[in-house]
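*Asks:* Got a structure for you, questions after.
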């Protein structure tokens, strides 16, 4: 065996396990599901504090007050709420809003992911198909009367069997007989009487 491990001598019969075929985690469904499931556990210890509540500006309010003595809290009827009250209210409002919002968002995404399943749901509805057991030209050709030996040959030639219904775009091609049918003389023909006289 050379130092070059890629070239192996025919004598080298050591069994080596075939290298497992590598597949990215996002292509393997189970691994990807476990990875997504474990993602929240890998979060760093330092957490981002929620964004402080932004001040709400009404549409009709001036973009910024001209004087420093007037703050947005005072603009409503020149009455200043106590700061502790404002802080208390804003904290509770932010908490309730964020918790309900996150809950709503989580439930919506959960329901959306439930709708996306791995195998598409195929809804089968039993639809009655009329006359499914009958072939395309079921009644054709119409039944012919059975042979009755009591009656002799007809005085007129039989018409050919009626043709099958044909809805082709072009004219029906002529029938091609792969093998000639048996020779049947005219039903009124008699070998004894109607034989051609030899000349």
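Numbering starts at 1 and runs along the chain as it is shown here.
Just so you know, glycine gets a Cβ as well, placed from its N, Cα and C.
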*Asks:* Which stretch does Swiss-Prot mark as region 'Disordered', out of 156-177, 178-199?
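*Replies:* Of the candidate stretches, Swiss-Prot labels 178-199 as region 'Disordered'.
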*Asks:* How about long-range neighbours of the compositional bias 'Basic and acidic residues' (20-37): same chain, 6 or more residues beyond its ends, C-beta under 8 Å?
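*Replies:* That would be 118.
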